[in-house]
């Protein structure tokens with residue numbers, strides 16, 4: 001149901017964390033798959049490929065073509081317009097049309113990409129440095145993939161990150177970063193993939209906080225809830241496309257270490273027994289469930305239980321492990337367990353507020 005072999009896999013957020021771990025898994029467990037790592041940082045991507053391959057392969061970059069300044073996109077910056085291209089033929093037609101209108105600039109940039117085709121063809125793993133929160137950059141990325149015959153068969157939208165703080169302690173920049181990292185990066189990649197390669201397997205990465213958003217995650221959880229909603233909508237609109245959504249719990253990564261530095265004590269208290277698993281174990285669990293045909297995937301028992309409490313209207317197309325048991329648990333727990341837990345949770349939060357109010361009074 002989910003095969004690592006003979007794929008062209010695009011891993012958004014592939015320079016570190018879970019995305020990098022997926023790159024490692026494809027490298028170790030396949031022989032003929034093409035692996036494309038994408039993130040903003042050229043240096044991190046090069047280091048990731050060196051780590052994944054053990055230094056046995058030089059990092060190969062697919063350089064995105066520039067476009068003529070005379071052809072501005074609707075957003076005001078230069079880009080090749082792919083919005084009307086819903087299949088390969090449409091994409092190629094649009095590309096030819098744009099090439100004719102802006103021949104000098106696009107020809108020069110196309111030569112750059114064509115120059116790299118041989119290296120890309122010989123490499124099992126390549127990278128593209130791209131700001132995935134910029135829709136124009138995502139369009140140019142797909143131009144690059146098309147030129148190199150690397151349109152993906154699987155898309156893993158792993159990009160994201162959390163800055164756990166109280167809402168009023170967050171800066172406007174951090175809030176903006178949360179929306180860009182955790183929603184827009186996935187939105188634009190999945191949107192373009194759905195237009196260009198509707199037969200590709202689309203895998204979105206949300207979070208177990210999407211089932212239970214709580215204090216300390218205002219920069220992160222709302223975007224992850226949005227991805228859960230987006231998944232439900234896409235399953236309505238794209239019935240012939242396999243669309244999976246992963247809801248990981250805590251796992252060790254570079255991002256997790258940084259999160260613990262800013263995470264409020266009350267957030268840690270409510271998280272309680274949600275102990276982080278290794279990044280490798282998290283990756284293995286996701287692949288294990290996807291391989292068995294499940295498309296709503298959690299990585300720990302707490303995430304699975306929280307999902308069972310969320311079997312709402314859009315869950316008619318839910319495809320998670322033991323979904324009927326989840327439904328039964330959800331009915332019982334929502335009636336008998338959740339009310340008591342929410343009283344306890346409210347008590348913890350109110351107690352924390354009073355303690356902090358007293359501290360501020362003393363100061």
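Cβ atoms here come from the backbone N, Cα and C positions, even for glycine.
Range with Swiss-Prot annotation transmembrane segment, chosen from 303-323, 324-344, is 324-344.
According to DSSP, residue 224 (active site, lowers pKa of active site Tyr) sits within a helical segment. Here the CA atom of residue 220 (active site, proton acceptor) lies 20 Å from the CA atom of residue 15 (NADPH binding site).
Of the residues the record lists as binding NADPH, namely 13, 15, 17, 40, 44, 131, 132, the two whose Cα atoms sit farthest apart are 17 Å from each other. Residue 220 (active site, proton acceptor) has 13 as its nearest neighbour among the binding-site residues 13, 40, 131, going by CA to CA distance.
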